[in-house]
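This report concerns only the one structure given below.
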Amino acid sequence: DQGWVVCVTVLGLVASVHSITRGELFPFGPASRDQLLEPGTDQTHQLTLDNPVLFYDGTFNNIYINTNGFVATTEPTSESTYLGSMPPKFGMIAALQGDLDTSDGVGKVYFRQDSSPVILRQAANHINRAFPEDDEVNPIHAVVITWVDVATHEPQNRDGTNKKRNTFQLVIASLETASYAIVLYPRDGIQFSSTPVGDSIAPMHAGFSKGVVQGFLFSRQGPYYRIITDDEASVRALAEGTNAGLRGVWVFEIGTSPYFSNVAPGEVTELPPDSSQQRVLEGYEDAVDVRRPVYPGVQQVEYPPYEPEGQVLVHTVQFQPQHVDFPGNPEVVVVDDGDINVDVFSYNFGTCANSGNKCSNFADCKDHTSGYCCHCRPGYYGNGVQCVAEGKPQRMNGKVNGKVYVGNSPTPVEFTSNDLHSYVVVNDGRSYVAISDIPPSLGPSLQPLSALGGVIGWAFALQQPGFKNGFSIIGGVFTRQAEVTFLPGNEKLIIRQEFNGIDEHDHLAVSTTLEGRVPEVPRGSTVQIDRYSEIYQYSNNLVTSSSTRDYVVSLPDGSTETRTYQWRQTITFQSCQHDEASRDVKPTQMLSVDQVFVMYDANNELIRFAMSNKIGDVNGQPEENPCFTGRHGCDTNAVCRPGQGTQFTCECAAGFNGDGRSCYDIDECREDPQICGSHAICNNQPGTFRCECVDGYQFASDGQTCIEVNRPVDHCEAGSHNCDIPERAQCSYTGGSSYICSCLPGFIGDGRVCQDIDECQPGRCHQDAVCYNTQGSFTCQCRPGYYGDGFYCSTGKSRTKTQCESHRESVLVARGPRPPVGHFIPQCDEHGAYEPIQCHGSTGHCWCVDRNGQEIPGTRSGPGSRPMCIDHDGGRPPVGPTPRPDVHPLPPGTHLMFAQSGKIEFVPLEGYDMKKDDAKAVLHLPEKVIIGVAYDCVDKMVYWTEISSPSISRASIQGGDPTPVIKTDLDSPEGIAIDHLGRTMFWTDSVKDRIEVASLDGSQRRVIIDSDLVNPRAIITDPPNGNLYWADWNRDAPKIETSYMDGSNRRVLVKDDLGLPNGLTYDPQSALLCWADAGTHKMECMNPALGDRRKVLEGIQYPFGITSHGKNIYYTDWRRDAVVAVDRYAGRETDEFQPLKRTKLYGITTAYAQCPSGQNYCAVNNGGCTHLCLATPGGRSCKCPDHAVAVNCVESDSRY
């Protein structure tokens, strides 16, 4: 259980980057109202917390602060038990642990709890910078512990005047669902790296230990995560290294709820070379939604101050791209201005009275002689139709599609719907862009194209006095087309981007297409782009620009090449022509771009661009005021207001409060609960809020008032349908006000009129029985003098049929008195028991069976030979244990079965309602962590996966011992599904990243999917149609897939707008595949054949397992510790059941009273297969198990 060892290395960066200073620690000492730990050595103080700390998988309401540089989760034992013999037996958060002493009156240990906005914001900044990919974290509670000038504990006679002293700080910041440790080691804060232990010296320790874990029979040492090694140099390097983008700062996620895997270190291990680049780094945590280090160790260039060389002569450039011809060397695309059809907002000749609602919520409408125009209010900027708050950072999200040739390759690299994320710190002009899933064959060659994100830099560039950035002039709806010509090879690339304005999430939406050819940049190369300027020319509804740019390619062999490309672009938009003042835009402006950073991450197939952007006069001198240089230190959510000379003030953006240096979001929904009006819900967002109509209401034409919608009618439930009577037909609600009618089994018709089918066809009943037709069914009755159930009649004395006789009769009934060749018929002895040897009449194969008719593995022989089988006589029947008094066999009827903390429980269903008072445990499995459950409706068996000792087991729901069926070659089996027709089971393994199938007894294992899986969990079967469905909750690329049951015809069903798709269910009646997503907090359904995805429910908390029964979906929720019922047609929750024991609920399944209707080709005689029979739509596939030793296994595929 040894955790990972994080080796601290000193980064070889420019000397101007220093570690944090003592003044940059969190405030501490008497002025911060800290408490003081009693002086001495090995002193401990118990601190009762206002909010609990999460550590590993535990929750702690008390912590213990110790002189020796650590915090414990329980009362620590004497220092002699852990000094020099780590890890300890108790839970420990070690900031810098050793034998320390504060009895000399110099060293001190301060501590406090703090929930002030300033401290929580400081903690959030460190955490969010350390985890740039994760959602933004906002702690609600912090504990600040500071060890100041502490010394080693040495004998009393030593002179302490020149002692070396250490200073360091630990901040534990917590949310409701997670806790983080922020450890700060200031410059010169580590003056010694070891302390005396007895007669020896031991290095100090930093890390996290869970302590001793109590097992069922014995105890063991829990996980121990080390930040440093046993080398003293790694201790000294703590102040030089980082995992949080700031030297001397280390951040770790140390506990999460409801599920914890391991301590997670911060991910930004690299540092910028100077303070200006440090500012760039600090804003990057909001740039993209991908988990990657921000800046790798690449060569950095420090630029001198920009000084324009004389007057810049501006030439008017007419942009005329030409036609693209692929796959040869592409020419330039020709685009006539008149041919560019941009579907954007356009002003008409209306008035504010009838059209003013088209203006932004933050704009005013003004009538003019020829029409109306929209104008952003003070504190906002844009074109009036789209307005954003001054000073507020802006985000851009979208998709990238492309067809790009690299070098001389005749084959293009094609990609579809790749994610593009961008972030701009508006008050200093910094912009960041990241594009995911760019393959290594293309990624390095796209590095010169920093201009892919250049338009977002222009749109929100830092404005110089009298000049406006792109968004201020044209808003967020425009089309941008650019042509790049690479020299000297004349390769050409066309970039087309459609900007569709600010979406409901306050993000600028964009769609990007790349087509053409780029020169090859060899893999492993880096690209450096010098600062450049670009002149933008403005005319009526059109912006053009052009520039020539050099870039340097550093090749893997150490050599460099300087290359050049020419850049030309047009931006088209719709402006308001009715206001003469709105046309007062300077005809030329210059965009200055510096601090350009480009990087391609081949391991993660991610390309990043970062740059600083300023818009101003083509001949103007650089402004010295910090508001125009970007070096003002205002909060990223603040506006910099220039004063005289270099004076300025910081002012929080609209929607934020603070002093400008630190700004905090205003929760408009809390301050004014009625802000959205009646029948509406207010959702707070950074700097603003959003109103949504409650269920059953929608926005009126004014976009603000919620009015009632026409509610759909469930005619099936209301009884207003025109289906035949319930005894003959079924009404099925399909959403809205629609429904379908279908005849019940035994009847034929269109559902509105159903007629009885005469089932008494020849061969229905035994030859010595009479068939009687009934409404919707039939009965068989033995003739006088014969005994039996009508399907089997004999002249002997009536008795209960044996398992073998029932098995034999079921085959005969299904196939008539003369079953066709190719079907196995079991042989019974004179007592009705299975003959020890069974043979297939058609294939000639024979095998041994046990007393239950199950084949004994390894006994099957080929045609012409017979195995030696042991007679069953004299064997004692198995005897199950007496059931526990709190464990109950499953009663008749349909039930929900779910896994919870070492047991499987059931809840009976009455119709669709849960009979919560009748819920009971069906199986106790102490010390087991059960994940998935599945039910075999044929043998009335429950199957489950468990990960504590990885295995798959089963048990009869009528009572009996649990029986392991698979115990080997498993790492983390999670989802499990049963094909009750083909008698097989399927499961996922999230560590081995594969899907397997086996017979229900665990034999004949075969891997059917073992590629492109990361975190497979939920899996379900559709036996009648031969389909398999599963979900992969890979955080980087979650998806839901399907294949035939043999693993063929694999394809992705859903990959967009997924977060953590934990649970899947399939309803054969409606043919709907439904899933619950713990990331998006939604429940959705689709028909896999149609792809008609639709939302069922929003706002669910943390679903894990999911199952369906009729109109209802039932899911387990980790946050609510409950089984929740959802009416999928009404789109609302109808009930919930919370077991007495409130712990996590895992998998859930429906145990049907009778097997669902349907057949597949594996249901009879194993489909004629020798081993595995796996159903496919309209056929079956015969497969051999992996590592098959039998020489008589035959594989074949059949479609019927």
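Keep in mind that glycine also has a Cβ here, set from the backbone N, Cα and C atoms.
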Q) When you check TrEMBL, which of Cys839, Cys848 turns out to share a disulphide bond with Cys846? A) Cys839
(Q) Restricting to the repeat 'LDL-receptor class B' (940-982), what is the model's mean pLDDT? (A) 90
(Q) With Cβ-Cβ distances below 8 Å as the criterion, list the same-chain residues six or more beyond the ends of the repeat 'LDL-receptor class B' (1026-1070) that contact it, or say none. (A) 290-291, 417, 437, 732, 734, 975, 977, 979, 982, 984, 986, 988, 995, 997, 1008-1009, 1013-1020, 1076-1081, 1086, 1088, 1091, 1093, 1103-1108, 1110, 1113, 1115-1116, 1148, 1156, 1158, 1160, 1174-1181, 1183, 1197
Q: Give the number of CB atoms, excluding that of Cys839 (disulfide bond) itself, located within 10 Å of its CB.
A: 18
**Q.** DSSP-derived helix, strand and coil totals, residue by residue, for the repeat 'LDL-receptor class B' (983-1025)
**A.** 3 helix, 23 strand, 17 coil
Q | Three-state composition of the repeat 'LDL-receptor class B' (940-982), taking helix and strand from DSSP | A | 0 helix, 23 strand, 20 coil
Q) Counting each residue once, how many in the domain 'EGF-like' (623-664) are helix, strand and coil under DSSP? A) 4 helix, 15 strand, 23 coil
Q: Enter the number of other CB atoms within 10 angstroms of the CB of Cys846 (disulfide bond).
A: 19
